[in-house]
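To start, the structure under review is shown below, and the notes come after it.
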Amino acid sequence: MKFALVLLGFCAFYLVNATGDLETELEASDLQELQEALDLIAETPLESLEAEELEEARKFKFPKINWGKLASKAKDVYKKGQKLAKNKNVKKALKYGKQLAENLAAGEVHEPGTPVGNNKCWAIGTRCTDDCDCCPEHHCHCPAKSWTFGLIPCSCQVTESDKVNKCPPAE
């Protein structure tokens, strides 16, 4: 609202100054009306405008928060999280994620292509096609079926009790 009044006043002031050379062509009454409009804008108290804005701000109310309902939702989410933490598949995914994060952060035990024994092996997390690409103590793990090839590629992983490297030893 203030901005509109200031803009109107500025435009009116510009018109008065721009038409100053043309005073002779304009009638005195038109100039008088324009001058009165400028005076009216100048006399409008900004305090009344601020009071209106303050009144509107007072009328605005923040939504009430039901803290009990919020706490019960938080408790439900916590319980669901604990159930998920007990899930066998989630545990495996968490273990895989932790292993991957550790390998990315700490670096690898074996650099890609480094000979280990008679085999050349690739670092943990490196893409692989079969167990022979990985070190003897690692295996090539494919987390998804072949239709996701490229999206979730196979990679060398630490060998667990249920997974073994099936590549025949190098001669």
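Numbers here mean position along the shown chain, with the first residue as 1.
Using the three backbone atoms N, Cα and C, a Cβ is placed for every residue, glycine included.
What Swiss-Prot records for 1-18 is signal peptide, and it gives sequence analysis as the kind of evidence. The region 'Linear cationic cytotoxin domain' annotation in Swiss-Prot covers 59-104 and rests on similarity to another entry. The feature domain 'Oxytoxin-type inhibitor cystine knot (ICK)' is assigned by Swiss-Prot to 118-171. The disulfide bond feature in Swiss-Prot is assigned to C121-C135, C128-C140, C132-C167, C134-C156, C142-C154.
Secondary structure from DSSP puts C132 (disulfide bond) in a helix. Taking the C-alpha positions, the distance from C167 (disulfide bond) to C128 (disulfide bond) comes to 13 Å.
DSSP gives C156 (disulfide bond) a strand state. Here the disulfide-bonded residues are C132, C135, C140, C154, C156, and the one whose Cβ sees the fewest other Cβ atoms within 10 Å is C132. Long-range Cβ proximity for C142 (disulfide bond), meaning a same-chain Cβ under 8 A and a gap of 6 or more residues, is found for P153, C154. Across the fold, the C-alpha of C134 (disulfide bond) and the C-alpha of C128 (disulfide bond) stand 7 Å from each other.
When each of the disulfide-bonded residues C128, C134, C167 is scored by how many other Cβ atoms sit within 10 Å of its Cβ, C167 comes out lowest. Distance between Cα atoms for C135 (disulfide bond) and C128 (disulfide bond): 11 Å, as a whole number.
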